[in-house]
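Taken from TrEMBL, the feature S-adenosyl-L-methionine binding site covers Q273, F302, E323, D370. Among the features that TrEMBL reports, active site, nucleophile is placed at C397. What TrEMBL lists as active site is C397.
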Amino acid sequence: MAQFYRPKKTTVKRQRINAQPVVGLDHQGRGIVRHQGQSYFVAGVVPGDEIDYTITGKHQATCERIRQSSEQRVAPPCKYYQQCGGCDLQHLSVTDQRAHKQRVVGELLQKYGAISATEMLPIIAAEGWHYRQRARLAVHWNPRQQKLTLGFRAKQSKTIIAVEQCLTLSAALSELLRPLQHALAQLDLVKQLGHVELIDATVPQVLLHLHGAVTELSAADQQRLMQLSEQQQLQVWWRVGEALPSPLSPEQELPRYPSASGSIEFYPGDFLQANAALNLQLVETAVAWLDPNTSDQILECFAGAGNFSLKIAASGAQLTAVEGVPSMVERLQAQAQQRGLNIKAVHADLDQPWRRQKWAQPAFNKAFLDPARAGARQVCEELTKAPAVDTIVYVSCAPDTFARDAGVLQQGGFKLRKVQVVDMFPQTHHIELIGLFSKE
Ligand SMILES: C[S@@+](CC[C@H](N)C(=O)[O-])C[C@H]1O[C@@H](n2cnc3c(N)ncnc32)[C@H](O)[C@@H]1O
C-alpha cells in the first residue's frame, strides 16, 4: 500500500497568561498578543485592552477576562453580538474600524508582494448600520418541539442563533424577520427548508432554498406564502439546488437593483453587492479609474449580471464580459441588448488557462476584474502575458488574495498606482478595495 507523508500533529499545551496588553489587530480583526516571541490571535479584543487569555492553538488564544478596556473599545449595540457570528468588530468604533482597514491593506501588500501603492486614497464610507441589502439566513426545524429557528450561525459553530432584528440589515429586511419566521413555521415543506435569502430590491424578495425532490408547492403552502407576500408586500421565490428560482406567482416580475447605469434586473440568488449605497460609489470610482473610451477593447472578468459591465460599455468601449454562472451571463447579455451596448457576455471558468479560449483576444488593451474571495491568480498570470493590456482595475473583497495577485502582476511588469478601500461591510473585518495597475 502506498505510504504518504503525514506531518506530525502538534498538540499545544493550554496555558493561561494573565494581565497582558493587546498590541495590534490582524487582518481578520483579531487582537494580537505576544508571549515568548510568539504571536497569538484573540477574537473580541482591541489594541490597548489588557487581558487574561488562554493559549489554545499554535497561534490561537481565547480571552478569559478584560482587565482594563482600551479607549478604542465601544459597547456593541446589537443584543445578539456575543453569540452571533455575523459582525465581529462591533466592539471597535467605526472610525477605528476604518483606520484599521486602511492599515491592513498596506500591511498585506508589503507582506505578500513587497508592494506599496503609489497612492493610498482616503476610505470611501457611508452609513455604519442598516446597510445590507441581502442576507442569507440559516433555518432549523425541530419536529419534536414543532419549532422553527431562523437566524445566523453562531461564531465558529453550526448552531443557529435566532434573530428577530438585525442592525446591519436594511430596515425593510430587518422588519421581515419576525413575520417570516412565523410564516415559515406553518409550511408543509418546513422539513425541506435549507436556508433563506432576503434581498432588498424594488420590493423585498424572499428566496427559499429547498432540499429533496420538491417539484411544486402544495396548494396550502401556496396560499400561506401568498398571504405573507400580500401582508408584507414582498415577492417569494423557491429553488431546489442550482435550478433557476421559481416564482410563487406566475405574474411575478424579476426584481431590479439600483446601479450606476440604471437599474439592473437579476434573479434572486444571483450575486449582489452587499451594500447598496456604497455599490454605487464603488462602480462610479472603479469605472472612472478604468477610463473607458470608444477606442478601447476591454476584458471584464467575474462580471456577474453586469453591475460594472453596463457602466463600462456605456462609454462606447467594446466589452467582453466573462462570468461563470450561465443565468447571470444570459441576464447580462439581455440587458446589454436592451440598452444597445457593445457587450459580448461569455460563460467560462476563469480558473482555467486561456489557451484555445475563443473569447481571449490579443486586442484587449484594458482589463477589469472583480473576483470572489479566492482572488484571481490564474487571470492575473494570463494578463501578464496579454500583449496589449496596459491598464487593469481590480476590485477585491479579500485584501490577502488581492495582495498575492498584485505580486503576480508586479512580477509581470505592472505597477500598482493607487488603492482605495471601500467600507462595504461596517462592523465586520471584511474589506473591499479598488486597485489601479498600469504597465511600468
Ligand atoms: C464578487 S462577484 C462580482 C460580480 C459582479 N462584478 C458584481 O459586482 O455584481 C464575483 C463573480 O465571479 C463569479 N465567479 C467566481 N468564480 C468564477 C470562475 N472561476 N469563473 C468565472 N466566474 C466566476 C461569480 O459567479 C460572481 O458572479
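Placement of Cβ uses the backbone N, Cα and C atoms for every residue, glycine included.
Unlike curated records, TrEMBL annotations are generated automatically.
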What's the number of neighbouring CB atoms sitting within 10 A of the CB on E323 (S-adenosyl-L-methionine binding site)? 25
Can you list, in sequence order, the residues of the same chain other than Q273, F302, E323, D370 whose CB lies within 8 Å of the CB centroid of the S-adenosyl-L-methionine site? F271, A303, G304, N307, F308, P371, A372, V395
Would you measure the largest Cα separation among Q273, F302, E323, D370 for the S-adenosyl-L-methionine site and round it to whole Å? 15
Per-residue Cβ crowding (10 Å cut-off), top of binding-site residues Q273, F302, D370: D370
Students should find that the Cα atoms of Q273 (S-adenosyl-L-methionine binding site) and C397 (active site, nucleophile) sit apart, in Å rounded to an integer, by 10
Between the Cα atoms of D370 (S-adenosyl-L-methionine binding site) and C397 (active site, nucleophile), find the distance and write it as a whole number of Å. 8
CB neighbours within 10 A of the residue listed as 'active site, nucleophile', counting all protein chains shown, number 20
Per DSSP (three-state), E323 (S-adenosyl-L-methionine binding site) is strand
